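Enquirer: Before we start, here is the structure in question, set down as structure tokens.
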Amino acid sequence: MSALGRVVRAGVARRRVQTLVMVLTTMLSVTASIAAGGLIVASTDPFDHAFARQHGAHLAARFDGREASPGQIAATAHAASVTAAAGPFAVASASPRFEAPAGLPAGTGPALDIAGRADAGGPADRLELVTGHWLTGPGQIVLAAGDGDEAGPDALIGTRLSFPGLPGTPRLTVVGEARSVGRTADAWVVPAQIAALTPAGGTPSYEMLYRFAHAGSSAQISRDRAAVAAAVPAGSMSGAQSYLTVRAEVNRQTATFVPFILAFGVLGLVLSVLIIGIVVSGAVTAGTRRIGVLKALGLTPAQVGRAYVAQAVVPAAAGALLGVALGNLVSVPLLHQADTAYGAVSPVVAWWIDLLVPAGMLVLVVASALAPALRAAGLRTVQALAVGRTPRAGRGRTAARVAGRLPVPRAVGLGLAGPFARPARSATTWAAVALGAAGVTFAFGLATSLNRVQDGLNQNTPGQVQVTTLRRPDGGAPPNPPATAGSSATGSAAPGSGTATAGTATGNGHPGQADPAAVGRAIAAQPGTRAYFGTSFDQAHFAGVAGAVQLVAYQGDSSWGTYQMVGGHWFTGPGQAVVGHGFLTAAGARVGDTVTLVGDGRSTRVRIVGEALITGDDGKRVLTDARTLTAAGLRASPDTFSVELADGTDRATYLKTLDAALEPLGAQAGATVGGLSSTVVAIDAMAGSLTLLLIVVTGLGVLTTVVLDTRERVHDLGVLKALGMAPRQTAVMVVTSAGWIGAVAGLVGVPAGMALHARVLPVMAGAAGTRIPRADLAVYHAPQIACLALAGLLVATAGALLPATWAARTRTATALRTE
């Protein structure tokens, strides 16, 4: 082995503390960088990546089984431009009833499009199993995994579903959840099960899934659809869904996450770079006297520089390898949370991140070690040997004199002056702690604001009970039930309904609708009813606004069940409306302006009196009094009623008696369940995980910096101990040196985190098609700011405790003999 190799090996083995510090620092920095990089990549076009991975269908077409045979439908796989096809799959639409929580009636779910599919693979639209297992026979059902499952992915496994509207009331057990990137069905059963889910005398429809050679635009999809339709009898294609529609929806949801993930990702990457720079340069600088010894033994400055760079690279490489393994482990739950939010994320870190991050960190280690190593190697031999034995001229002396005049204990004064002996290192440590404090502050504000937003969205479904007036078909479930126990309300739907139903603005009403007046009388007569109002969900047109707009019309006093307002006030009578931000943008209007509702041969002017927090329908929703529609020649019939109970009323008992009174009318009552948006859950989870990672990396950075600083000044500590400094005073000095850097960093990091919160939240809201109320943004108050400002002090103090304890316990003679 060459002399240079022996120097490197001996240095790594001899300087165990510095070697361990290098390994741990590099490991945590690589871990944080891989986690941040993995999330950033996961947030970049997640739908496109999942679509390619699952061979998603460019077009999902539905055919009427009465107009075309399965053979004719299957022949469309040979239409022009088709490169791959799957199907035909028989499809039945049915509304299940599911097991309910204790104390509440059984819940009725919305109608499901259930496809008969033998396996999850195939040439198009390969399904990814999220939890459970695939179908093994009749009596089983696999549900489509939504964009998020707040109760957990295993919550529905084993649930029994029944279909009372079908002959024989079929019963199925949920055995798994799977994801279709193109959302081609709501559930899957084996093909033999479809017959039992088809009404007596009915014919199932059929679904075909296609991939085309050219499908990058709506025009190309339209041409491909026309070619498929031409291959079957005219009129037999009953509908089709383009993947571009699903893609736009997923990308809009992704855009909500990207700003905060980028913020955390950049914080993590910069923090890792800073800490690597601190530790590596500090470790090399601490060996300056040893460099003098090597020069005295005949090594050239270039050899000394290479030797110390290698002594930094060897433990850093070991730490990088460990960091890759740990980073992938840490990324698993983070990517799962991203998958819950996006519904289209690979559960593993991209392979090139595992190569790029450690390589980049090693380059950073070399760059950080090379400059101080060459600088120390350029010193004269005698000058390098004197380091640690003679005091440095000038550096930190002025700060020490000023601190000595302060009315504080001497140990505290020495600690306050300590950072000025190494100003560059102290400044970098300060920046790292400030970034950590900014991350904690931002995470606190993000979680608090989003929870307030969720509370505001829950106001969109007011009251403790929801009643739907849509009749049960054949004694089964209503086509569009209210938000009941066991269902998930995200707050994006209109009051009392998970989905907006067919417009009754034309005055024709819903053919399966119970008499709203009779339903209202039944609610009013029910003991325990304090207040109620009805709502209808219609499509309407406004002059100057392209396309139909979701219109929610209220009958009765709705002042107790308003949306959360962003600006203005709730409507107080006909001719007034509250709208979402998307509508204001589409109409080019603002609160106080007047728009024209176009009716059936008539129109009426409507004044916008408020802007509400609305995330559904891209924010293009209008809320108004039902009498506003009358003025436009339209008629609204309530689809749902929201009911507020009197104090002391037992909801379970109320529901049973009200449901019994409504059953003859064909209506149904259900308990309102507070929504919990999967978006909010996923953001909270990811923010918490990333904040914890930032805190750990920051704390370790402080720990390693103080360890190196303490080891470097061990001879000075020996002198102070010889002059009478007690162990407790030594510990106080070391902790103070790091603690006041953390305190100052906190004072800067907290405002930076607040500014980041004020910048990122509106961008996230804009991606969701809304604005955030000022009350939801005003989450920082004096007590919270004071606590957050202490975060930097606490992290720095915690990081300094271990080296402070070591310094206090070191014997005077040992310290004086140590380099």
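The backbone N, Cα and C atoms fix where each Cβ goes, glycine too.
Sharing the features that TrEMBL gives for it:
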- 483-507: compositional bias 'Low complexity' (COMPBIAS)
- 263-377: domain 'ABC3 transporter permease C-terminal' (DOMAIN)
- 690-804: domain 'ABC3 transporter permease C-terminal' (DOMAIN)
- 467-517: region 'Disordered' (REGION)
- 20-42: transmembrane segment (TRANSMEM)
- 257-286: transmembrane segment (TRANSMEM)
- 307-329: transmembrane segment (TRANSMEM)
- 349-371: transmembrane segment (TRANSMEM)
- 430-450: transmembrane segment (TRANSMEM)
- 686-710: transmembrane segment (TRANSMEM)
- 731-758: transmembrane segment (TRANSMEM)
- 778-802: transmembrane segment (TRANSMEM)
Enquirer: The transmembrane segment (430-450): which same-chain residues, six or more beyond its ends, come within Cβ distance under 8 Å?
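Expert: Cβ under 8 Å, 6 or more out: 260, 263-264, 267, 270-271, 274-275, 278, 680, 683-684, 687-688, 690-691, 694-695, 697-699, 701-702, 741-742, 744-746, 748-750, 752-754, 756-757, 760-761, 772, 776-777, 779-780, 784, 788-789, 791-792, 795-796.
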Enquirer: In this predicted model, what is the average pLDDT of the domain 'ABC3 transporter permease C-terminal' (690-804)?
Expert: 82
Enquirer: Kindly report the helix/strand/coil residue split of the domain 'ABC3 transporter permease C-terminal' (263-377) according to DSSP, in that order.
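Expert: Each residue of the domain 'ABC3 transporter permease C-terminal' (263-377) counted once, the result is 102 helix, 0 strand, 13 coil.
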Enquirer: How many of the residues that make up the domain 'ABC3 transporter permease C-terminal' (690-804) does DSSP mark as helix, as strand and as coil?
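Expert: Counts, helix then strand then coil: 100 helix, 0 strand, 15 coil.
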